[in-house]
Each structure stands twice: as structure tokens, then as C-alpha cells.
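Participant: Below you will find the structure I want to go over with you.
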Amino acid sequence: MIRRAFELVPADRQHLIPFHLVATLIYGVAQAAAFVLLIPLLESLFDGDTGAAGVWLAVMAGVVVVAAVAGYFQSLLGLKLGVGMLRGVSHRLGDHLAALPLGWFSGRTTASITRTVVADVREIVEFFAHLLAVMVTGVVVPIGIGIGVLFIDWRLGVIMLVSLPVMAAVDKLAGRSYRSADDRLHASAAEVDAGVLEFTTAQPVLRAFGAVGERNRALESALARHRRASGGLIAASVPGLAAFAIVVQIVFVALVYAVAVWATDGDFAAATAVGLIVVASRFIDPVSALAQVSTSTRRASAAVDRVHDLLAAPELRDPAQSAVPVDNSLSFDGVSFGYQPGVRVACDVSFTVPAGTTTAIVGPSGSGKTTLLRLAARFYPADGGAVRIGGVDVADMSLEDLMAQVSPVFQDVYLFNQTIEENIRIGRPDASDEDVRRAARVAAVDEIVERLPQGWETMVGERGANLSGGERQRVSIARALLKDAPIVLLDEATSALDPHNEAVVVHGLRELTQGKTVVVVAHKLSTVAHADQIVVVDDGTVVDRGTHAELASREGRYADFVAQRDRARGWRLAVRPTSSRRGP
Ligand SMILES: Nc1ncnc2c1ncn2[C@@H]1O[C@H](COP(=O)(O)OP(=O)(O)OP(=O)(O)O)[C@@H](O)[C@H]1O
């Protein structure tokens, strides 16, 4: 566990580890020596040899000073390692989370990730700052005393040294049941965190559907599971702790008994016997301290494992050299993909979007349209085949280069609780204020800003809660306009906007897609009809492809799609050839 914890220390603090270990070792050995020196000191005093007693006292004082200095340095270095680890691991976890495929996140709750990143890391800092010294001295001091006592009475020294692995074995056995109980506690705590998070963020939905009571009950049962898991942890640790405490006491009693018997037999002088009994108690003390922190140590050990597990999750690797696309075309080449193993969502999908043209993807709900956009943005890696930009597999481009090529404008717009300006600037952090304002003007975000109480300085609330759905879309279009990437991946909004918002969003999108390579998951007939190419997908496969005129003139899924949209809107779309391309 100690080795795995040290692996988390950042490179610029690794050189402190040997100093810390040496300081801790000296601290432990000096303490052991100071205790053993008590025996010759007592013997000299009992013999009335004040000269020898003075010498032993001086040696003992020297050793105590060494122990104090080493203790100071081990505390200082432990703290430096802990703080360094906190900084290093936080950065490593942050970078690592940013490089994980999105699929990794969908298998976990935000709460369980937060627990590892915050609570587990704190646990490990505590380990470096306090626990490590107790652990090392808990081993070094008894061994040191045992070896020292060998020179005074080898039988007693052997009892001490043999008892140590016995106590360690009992401690190890005690830890077994604790570990699984701690994992259950961690999982139940994350479940409670997730429940509280959901309960608070989903209040509007819960109230709208009268489900507050039901979710409250779900939260209560999560809390009950957490209480049971806490009880389980206590139940799992108490027998182990009790067994360990009993074994430690048995060892102490055995040592005192042996000293008493051998002293009675005349093997030791009274002074040596008193000294050995005092030393026996000092032999037990660090072991008892070790037992007292064993619960914290095991918790830290579990935390170290969880942080390592998180860091071991395979990242979306950037290629050693990022390939350069020859143009802004986009193609799907026999692409297959599933979110879960064995469930195919895209199956051998092939089509090409020539540079500067618009392709609309249509198909029934759940047929895999949005998934194709996510694969093009490499939010998930394809299982088979390749998505290519300008002839280059997106997997052979660095994430940075790929993101410079594509602008995803998806339905679920995520806004950070910052100002509108900061939210737009995410599109291009080094953009000038003028560029930001220009993008905002084209997407009609300046209209929103004028209405806000603090204008550009207004915070948009958590996830942009202070803005309407249409307003959030406008901000996301402004972001993409500012980014000005040559390929736009657009998931057209399904929800109806009011006429004004609809008009400004359509205008913003037209500006955004002007002259760009566009792949749009289209829900509106007007968007589809104006596309250069329409790709019809069903159940993850491409079932038809062509222009609106070609597809509408023949029977098939597309004709069904058009008829369905006509019926939904209560109007018919006149089929006419698309001579010139226009944005969606
Ligand atoms: N993150 C995810 N994890 C697991 N399955 C997913 C995930 N996202 C989508 N799916 C599943 O993949 C399938 C295709 O989803 P996708 O969102 O691509 O369909 P779509 O055609 O865009 O649907 P819609 O038109 O309703 O938005 C669906 O069965 C969906 O349940």
C-alpha cells in the first residue's frame, strides 16, 4: 500500500521520498534505542555507579535529540509529500478525466467520481501527513527494541521478535472483512450523494409530476442502505480490532510474566527486571497505536486503490503525430459502434460529405442519428471502420486538431455558471472581445444581454438555468460561430421555439453553416429538403441515400418520413429539385 501511495506523489516531489523514509527510520530506531538505553541506565543507578549513569544519561539524551530532529523532518517531509500529492493527483485526475472516452462517464455517477476525486484524495493526504509515521514507527520501534533486548536477554528478544509476525497476521486477517465492508460503504455514500444531487436538481420535474414523495422515499432508502453499510463497517471492524487488542495484551502479559519468572530465578538483577518491564510496555505502545489507526489506514489503502483504478481507466490516446487532413470533407467508412458490448447502434455505415456541402441525416427516433455525430466528433471511438476528415482517420488526429476542425452544435446545450461572454469564449479562449461581440451579434445573443440585469456580466446560473431553451441555443451557436471550424455537426432542435427565437436561431445557423461542411441530424422538412444529400438511417444502418427530389420520388422510408412530417404539420411540401445549397 505504501509503495502504491508513493506512486501518486508527483515527479517533482519524488526525490523527497527517500529523505522522508530515512527520517522516519531514524525517528523509529532512535526511539527504540532510547527505550533500550533505559536498562543500563537503571542498572547503573541501582548499582550506585553515578559516573556510568551519567554517561548513559548523556547517550540517552543524545539519542532523544536525534529522535526529535528526525521526527521534525519526517513530519515536515510527510506534509510536503501530502500537499504535493494533493496538487499532483488533482492535476493528473483532471487531465485523465478530460482524456477518457465519454462512454466511461455513462457507466458511473457524478457522485462516485466526485467521491474519489475529493474524499479519497483527502484521505491519502491524511495518510502522508500522519498515518505513515505511525505505520513506520509501529514496525520499526518494536523491531528495534526486540533487537536491542536480544543483547540483554536473548530469550526475551526472541519472544518480542516472534510475536511481531503473529500480531501482523492477526491484523491482516482483521482487515479482510473490513475491506469489502468499506467498499460497500463507499458505494452507498456515492448513492446518497447522487440521490441528493438528483433530488435538488430535478425539483421542477419532480414537482410537475408530483413525484417529490416518491423520490424522497428513494432517497430515504438510499440513506437507510448507507446507515446499514456504516453499521456493517463497524460490525466488520470491531471483531478484528478486539482480536488484535487481545493478542497485543497477551504478548505484553507474556513478556512481563517471563521477566518476573526469570528475575525470580535470579537471571536478572532487580534493576534489569524493572527496565525490561518498562521496555516491554514501550514495545507494545507503537503496536497499539498502529491498531488504533488501522481503520484509517485501511480506509486510506482503499482510497489509494480507487484513485489508481480511476487513473488506470484507458484514455482516448492521442496519436504520436497528428495527421493533417487534405480538405474539409467528412466520410464514414464502414463504421460500426455500440455503447454496450453486443448492442450495435451503428452497423457498417458508409457515406461521404464532400467539403462545403450539407448532408442531412434522417430516420426514426433511436435509429442512431445523433450517435453518428458523436462518432464524427470522436466523443466515442468507433468499434469498426473509420470516420475520416479530409481522408484522415479521426483517431489519427490529436483531440486538439480534431476539435479545431469540427464544431458540434448539439441539442443539450451545456452552459457553465459564468457570464454569457465567458460561455461564448469557450469556443475560442484567445478570441478578441470584438470577435466575441461579433459572434454574439450574429447569433442575436446581444438581444438577450440587453434584457439581463447586469448585461454581459450576468451569470447564467447552473447549466444556464437563468436562460430560456432558445436563448441557450443562441449562446451555443455564438460559441460555434466564434470557433469558426470548417465542419459543423448539428443536431437540430426537436423542441418547438417561439417564432422570434426560431427566426433568430435559423438565421444564426445559416450564418454558421455558410460555406461549411455540414452534417445535420434533421427534424424539419425545410432543413432536409435543402440539403445536398440526405442519408436515411434505420436501426443503425444506412437504408437510402440521395437528394430530396430523388428520395421523395420513390417509395421507401424517406417518402414515409416526408408523409409523416406533412401530416404532423398539416401541410404538404412541394417536391422540387434542389439546385443550390442553402444552410439548414
Ligand atoms: N450514452 C448512451 N449510452 C447507451 N445507449 C445510448 C446512449 N446514447 C444513445 N443510446 C442508445 O443508442 C440508440 C441510438 O441513439 P441516438 O441518440 O443516436 O438515436 P437518434 O436517432 O439520434 O434518436 P432521436 O432522434 O430520438 O434523438 C438508442 O437506442 C439509444 O437508446
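Yeah, the Cβs are placed from backbone N, Cα and C, and that goes for glycine too.
All TrEMBL annotations are machine predictions without curation.
Not my notes, these are from TrEMBL:
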type: TRANSMEM; residues: 21-42; note: transmembrane segment
type: DOMAIN; residues: 21-299; note: domain 'ABC transmembrane type-1'
type: TRANSMEM; residues: 54-77; note: transmembrane segment
type: TRANSMEM; residues: 131-152; note: transmembrane segment
type: TRANSMEM; residues: 158-175; note: transmembrane segment
type: TRANSMEM; residues: 233-262; note: transmembrane segment
type: TRANSMEM; residues: 268-291; note: transmembrane segment
type: DOMAIN; residues: 330-564; note: domain 'ABC transporter'
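Just tell me what is around each of these and how deep it sits.
Facilitator: Tertiary neighbourhood of the transmembrane segment (131-152): same-chain residues 2, 5, 20-21, 24-25, 27-29, 31-33, 35-36, 39, 71, 74-75, 78, 158, 160-161, 164, 272, 276, 279, 282-283, 285-287, 289-290, 293, 296-297, 300, selected by CB-CB distance under 8 Å and a gap of 6+ residues from either end.
Proximity of distant same-chain residues to the transmembrane segment (233-262), defined by a Cβ-Cβ separation under 8 Å and at least 6 residues beyond the stretch ends, is recorded for 153, 155-156, 159-160, 163, 166-167, 170-171, 173-175, 177-178, 180-182, 184-185, 268, 273, 276-277, 280-281, 283-284, 287-288, 291, 294-295.
Packing against the transmembrane segment (268-291) from elsewhere in the chain are residues 31, 35-36, 38-43, 45-47, 134-135, 137-139, 141-142, 145-146, 148-149, 152-153, 156, 160, 164, 167, 171, 241, 244-245, 248, 251-252, 255-256, 259-260, 262: each is 6 or more residues past its ends and has a CB under 8 Å from a CB in it.
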Participant: What else in the chain is close to the transmembrane segment (21-42), if you only count residues 6 or more beyond its ends and a Cβ gap under 8 Å?
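Facilitator: Sequence-distant neighbours of the transmembrane segment (21-42): 52-53, 56-57, 59-60, 63-64, 66-67, 70-71, 73-74, 77-78, 132-133, 136-137, 139-145, 147-149, 152, 271-272, 274-276, 278-279, 282-283, 286.
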Participant: What parts of the chain pack near the transmembrane segment (54-77), using Cβ distances under 8 Å and only residues at least 6 beyond its ends?
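Facilitator: Apart from its flanks, the transmembrane segment (54-77) reaches 16, 19-20, 23-24, 26-27, 30-31, 33-34, 37-38, 40-41, 44, 133.
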